[in-house]
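If you check Swiss-Prot, you get these features:
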- CYS50-CYS90: disulfide bond (DISULFID)
- 23-106: domain 'Ig-like C2-type' (DOMAIN)
- 237-327: domain 'Fibronectin type-III' (DOMAIN)
- ASN134: N-linked glycosylation site (CARBOHYD)
- ASN152: N-linked glycosylation site (CARBOHYD)
- 1-22: signal peptide (SIGNAL)
Amino acid sequence: MCLQQLVISWVSLVWLASPLLAIWELEKNVYVVELDWHPDTPGEKVVLTCDTPEEDGITWTSEQSSEVLGSGKTLTILVKEFEDAGHYTCRRGGEVLSQMLLLLHKNEDGIWSTDILKKKEPENKNLVTCEAKNYSGRFTCWWLTAISTDVNFSVKSHRGSSDPQGVTCGEATLSAERVKIEQREYKKYSVQCQEDNACPTAEETLPITVVVDAVHKLKYENYISSFFIRDIIKPDPPKNLKMKPSKTPQQVEVTWEYPDSWSTPHSYFSLTFSVQVQGKKKKRSNTLHVDKTSVTVTCQKGAKVSVQARDRYYNSSWSEWATMSCP
């Protein structure tokens with residue numbers, strides 16, 4: 001990951017004395033130092049270069065200390081703790097010449113830290129969940145965090161690795177929804193992405209990769225999710241759920257339609273449906289699976305009929321339920 005993301009800035013060069021090259025540019029003037037988090041680790045030696053053609057009269061300071069750290073166009077620092085990260089500024093007299101921010105990415109015993117995000121379900125390995133309503137190449141990813149302040153997320157995505165194809169993602173936004181896990185409330189962030197040259201009918205051979213960069217104060221982490229669109233399909237619920245009496249007492253004919261967001265033509269992108277009847281005592285009847293958009297069921301007063309949809313030809317996720325009370 002480090003070598004793939006390394007960007008060398010010829011204007012304001014930041015490099016590492018270590019041959020591991022464990023520093024890279026996250027965005028302009030923001031750098032991530034990848035650090036072994038162990039008491040015996042000597043730390044990483046980093047050389048910062050001031051963005052100026054001048055050579056003399058330059059001093060360096062940081063937000064962690066009010067003292068002058070050094071003078072000259074370059075400053076060598078040893079990064080070992082979070083106290084060594086933060087903003088570094090070079091000045092000449094009272095003029096700020098350039099400023100850069102160092103973030104730390106912790107590696108403990110060969111495992112990168114994952115402290116910022118929270119799993120909704122312990123058995124789920126992914127901290128980032130992605131879903132698509134259809135095969136248009138548009139999908140939504142979301143994640144949870146308990147952190148309220150000083151947290152920022154950015155998202156990038158592509159399909160394939162050797163010759164990556166473009167996927168455009170918007171800005172991560174905070175949802176009004178709050179999720180409770182083990183009596184604790186978590187905030188939910190989400191992002192919308194669109195494959196640039198999606199072909200809904202084409203067979204997928206290369207997965208899409210989504211990378212979420214997370215920054216909390218001076219800590220950096222990243223989270224990667226890789227998938228095929230067919231694996232993350234979750235249709236919207238069926239629409240226009242209706243009932244009409246049948247000739248047989250206490251039976252009704254239930255009808256519905258494909259959701260508007262589902263791919264067309266429906267003869268090619270077909271759905272299958274699950275139908276359940278819930279009585280007053282909230283006991284489920286046997287589940288009915290049908291491919292058509294109607295079914296006749298026994299429906300006593302006070303019961304509820306629910307219908308959900310799934311891709312007919314691929315074992316992806318079921319939609320949420322569409323529900324209607326029996327007359």
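The backbone N, Cα and C atoms fix where each Cβ goes, and this holds for glycine too.
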Practice prompt. Give the number of CB atoms, excluding that of ASN134 (N-linked glycosylation site) itself, located within 10 Å of its CB.
Written response: 20
Item to complete: Count the Cβ atoms, other than its own, that fall within 10 Å of the Cβ of CYS90 (disulfide bond), considering every protein chain shown.
Response: 28
Fill in: recorded positions compared (CYS50, ASN152) - the one with the fewest other Cβ atoms within 10 Å
ASN152
Worksheet entry | ASN152 (N-linked glycosylation site) versus CYS50 (disulfide bond) - Cα distance in angstrom | 27
Worksheet item: Where does CYS50 (disulfide bond) sit in DSSP terms: helix, strand, or coil?
Response: coil
Worksheet entry | Residues of the domain 'Fibronectin type-III' (237-327) by DSSP state, where helix covers H, G and I | 0 helix, 43 strand, 48 coil
Practice prompt. Measure from the CA atom of CYS90 (disulfide bond) to the CA atom of ASN152 (N-linked glycosylation site) and give the result in Å, rounded to a whole number.
Written response: 26
Worksheet entry | Coarse DSSP state, helix versus strand versus coil, of ASN152 (N-linked glycosylation site) | strand
Item to complete: Whole-number Å only: compute the distance from the Cα of ASN134 (N-linked glycosylation site) to the Cα of CYS90 (disulfide bond).
Response: 51
Discussion item. Over the span of the domain 'Fibronectin type-III' (237-327), how high is the average pLDDT in this prediction?
Written reply: 92
Worksheet entry | Counts of helix, strand and coil residues, the domain 'Ig-like C2-type' (23-106), according to DSSP | 3 helix, 55 strand, 26 coil
